Every structure is written in structure tokens, then in C-alpha cells.
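Now, the feature entries from TrEMBL:
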type	residues	note
COMPBIAS	15-25	compositional bias 'Acidic residues'
COMPBIAS	37-46	compositional bias 'Polar residues'
REGION	1-65	region 'Disordered'
TRANSMEM	98-115	transmembrane segment
TRANSMEM	127-151	transmembrane segment
TRANSMEM	172-190	transmembrane segment
TRANSMEM	202-226	transmembrane segment
TRANSMEM	238-255	transmembrane segment
TRANSMEM	327-348	transmembrane segment
TRANSMEM	369-387	transmembrane segment
TRANSMEM	418-436	transmembrane segment
TRANSMEM	448-465	transmembrane segment
TRANSMEM	486-507	transmembrane segment
TRANSMEM	513-534	transmembrane segment
């Protein structure tokens, strides 16, 4: 009897389970039917899937720096021919592809030629002569290492440095990084805009005051950014013209002043520095590596349509970007060398050497070389204007990427350009009015702006090296142990140089107990944040583990 009752209960329980399963299936079927648009009852499965894909692509574009329609198509023919997504094969070198990849490196290289750099160059030449050319060369090489890592990060992840920092760090650290990046960018932008304004004053024969040149430069920036609506290649072409103008102008000055070839070669090949030229040496290193450029390059490389799932495409893009960036920085090296040697030839050992700057450099050149068919004053003004205009545009670009990346903002291009330009133009106008009383006041302003950028440089380099060393971020494209050690060595050297610059500056400027106490608190906070970022990166533990592994390996090999 009990057995029959148990079987009966089992049948009832199974019946209840079957009824519940049927109800669930009907509910799921009903919910799926509701997802189909009522306006298209005859939509085929393929059309429905196509619509879903379009929605997914739209969502992806919201998170990308460049919309899919704005990107330069390079691998479209390979994709159409059925190239495998997971392919790791890298095709042979192609000049056509190199030409299509050429562009981001030009925009990146402009930061090596901005008015702040040119002022550092002319002061180094006037005070140290040819003796620091070797340092310019090696500083440019260090800058190339950093920029290649930035490009690698952008290509391999499909995202730029500011976006990845937003996800990597806690809220408070992310906020501090964003504020410091914005302050450093504003400081750089002030130098760039005022450099353009000085050039306009030179070319207008003093008719345009500096504040008017600031307004004109700000308006010009919007005009050139408008060119991007006609394609990113058009804007890159404009930058090629700017760099070509600088190269032509400063090459003209170089051959016109006829510097010593023997001293030039000695300056490049023989390292020399002494206590009198130490400050200029520090400024040369400091001018080459700028914080906002580290953020900028990782975003610019995304202007090419690269499928990050295709490892072969990613590696090929990294290869071409490495060539393009190297050539671009070689050009900047030559241009900076022209400027240093010109001012070394003309002003080294003269009374004017210590007082020379952007404001009076053209006039001093004119006094030494006179007029002629093409007065050297106006040649200098043209080169300075090209440097200022181009660097101002890239500064605006960098500001857009930094703001959007850290704050996760998705706004229209014209609006983000307006916001970024407004954040920089207001303090620039204030500085132009307040500090335009004398040449000395502009030099003082320039020193403080360099300090602001020096404070920021560790907080661009350390996050970059942290991310490119992580397999979770880079996958198979994370840097190897040798490159990692070289990169960290470069970063440590650059941070020490900037640290010395800050120490030297504040030792001269600190006057009073209160100001000294505030500087002490700021220095403690700066060092503490650097220590936090290094600990977060895990670089020290990683190097120690690899060192112990290497020692263990060699000890086993010896046994």
C-alpha cells in the first residue's frame, strides 16, 4: 500500500514539474516575441541580427576616440578577402601602408618643437654653446622610447591612456591624476599660445599686442580643428606643412649663420656638462618629454581602423607606427639642432647670452645680421608662429582626450573643443595681461609654467609603464622584461631630472617660513603619490622576482 502511495506521489510531483517547465517555456517565448518590433512583423532573422549588430557598433563607437566612419581604412581589402580574425601572421613591408599610417607621429612630434622647447634650445645654445648637443640627441631617444610605448598601448588595447587610467585606479587617485594632467596641459598651452602671440607681434612689426595675438591664436585653433570634419588626413597634412615651415625657416637660419661643423660634431659625440651649463642641461631633458604628449599619442594612433582581435594587424600597426614615429622625431631632432647651433654661433660668449628669450631673440638676431632680402627677424617669426599654432592644436586635442578619458564624457566634437579651449584661453589671457610688463616677467612666468609641467611628468610616465607591463591589459603585446627595465630606467632618470629642476627652482624662490612650509607639504604629497603609483604598479616586486629567478637559474647552471 505504501509503495503504491509513493508511486502515486511521484507521478503527481512529475506532473507538477512538467507543468512548471511548460509555463517557463511559454513565458520565455512570449518575452522573445515582445522584443521583435511591432512595426516590422515580417522581419527575417538575418535582418534582426543585422539590426542588433548595428546597435552594438553604435554602442562601441560611443566609447571610441574616433568614429568608425572617420578612421583611415588600411586593412579593408584584407578583411574582405577573408583574413582570419585570430591570425598572427604579419605581411611583408609595404610603402603604401607606411604612407597610410603616417600622420599620428607628426602630430605627436609637434610637442618636441613647441615654443617652450625653442626657448630652451636658444638659451642652451647661447649659454652652453655646442656642448649640450649630445644631450639633445639622447633626450630625443628617451622621448622616442616613451612615445613608442604610448603608441603600443593605444594600438593593442584600442583605448587611450586616460581611459585606461580611469579603470585602473581608485576614484581618489583617478581624480588627482586628472586634475594634475589638466593643470600641466593648461601650463603647456599658455606657453604655446603666448609663443604664437609673440610671433604675430614680430610679423606685424609690433602692431599686434600679445593679448590680441592670444585671441587670434585661439580662433585659429578652431579653424584648423574644423578641417578634421573633412577627414583626419587633411588635418595631418596641415601639420606636415607646419613642420615643413619650421624646418625650412630654421634651416635657412642655420645655413645663413654658417656654424662651425667641427664644433657641431664634437657637441654631438662628446658628452660635456659643467656647473655653469647644468641648468640648461636639465631644461633640455625637461623640454623633450611632456606629460600631455604621453596621453595624446595613445589616442592619435586609433585614427586607423585596426581590429585588435587580429594579432597580425596589431603587430603590423605597431611596426609601422614605430617607423613613422622614429622618422618624425628624427626630423624634430634636426630642427632643434638647427636652433641650438644658430644661437650658439651668434650669442655664445656674448653679453646678451644670459638675457635672451623668445621675446627678444628675433630682435637680437636682426641686430647681428641686419635685414637683406629675407630679414632673419621675420624668418624666425615664421618658424615660431608655425611652432605655436601647431602645438596649440595638439594641446587642444590632448585636452579633449584627457577630459573624456578620465571623466567618461561622450560629447560632440565642437563642444569638447570649446570646453578645452576655454579652460586654457582664460588663464592665458590673464597671464598675457599680467606678465606682459617686461621681458623679465615673461621669463618668470615661463619658469613657473615649467614647474607645473615638471610636477606632472611622473603621473603620466608611471601609469603608462604600469599598463604596458600588464598582461591583463596588453595580452600578448605586453612589453618584455628587458624593455620593461629600460623603460623604467628612462622614467626614473627623467623623474630625477625633473625633481632636480623643482629643487633648484624652489631653493631660489622660497622666501619666508610660510611659503617654505607650503612647499615642504607639497613636496611630501608629491613624493607620497609617486610611491603609491609605483607600489600599485608592482614594478619593484616584479623586478625582484625576475632577478631572483635569474640568479637561481645561473646557480643551477653552474652546478
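Just so it is clear, glycine is given a Cβ too, placed from its N, Cα and C backbone atoms.
Curation does not apply to TrEMBL; its annotations are automatic.
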Taking the transmembrane segment (448-465) as reference, which of 127-151, 172-190, 238-255, 327-348 has the most Cβ pairs under 8 angstroms? 172-190
Which of 98-115, 127-151, 172-190, 327-348 contacts the transmembrane segment (513-534) most, counting Cβ pairs under 8 Å: 172-190
Quickly jot the same-chain residues contacting the transmembrane segment (327-348) by Cβ under 8 Å, restricted to those at least six beyond its ends, or write none. 105-106, 108-109, 112-113, 117-118, 121-130, 132-133, 136-137, 140, 143-144, 147, 243, 246-247, 250-251, 253-254, 257-260, 263-264, 356, 361, 364-365, 368-369
If one takes Cβ-Cβ under 8 Å and requires six or more residues beyond its ends, the residues near the transmembrane segment (98-115) are 72, 74, 140, 143, 147, 151, 188, 191-192, 194-196, 198, 232-233, 236, 239-240, 242-243, 246, 288, 290, 292-293, 296-297, 300-301, 303-304, 317, 320-321, 323-325, 327-329, 331-332, 335-336, 358, 384, 387-388, 390-391, 393-394, 397
Quick test of the contact rule: Cβ under 8 Å, at least six residues beyond the ends. What residues does that give for the transmembrane segment (172-190)? 114, 116, 162, 165-166, 290-292, 295, 391-392, 395-396, 398-399, 402-403, 406-407, 423-424, 427-428, 431, 445, 449-450, 452-453, 455-457, 459-460, 463, 529, 532-533, 536
Taking contact to mean 3 or more CB pairs closer than 8 A (sequence separation of 6 or more), are the transmembrane segment (127-151) and the transmembrane segment (486-507) in contact? yes
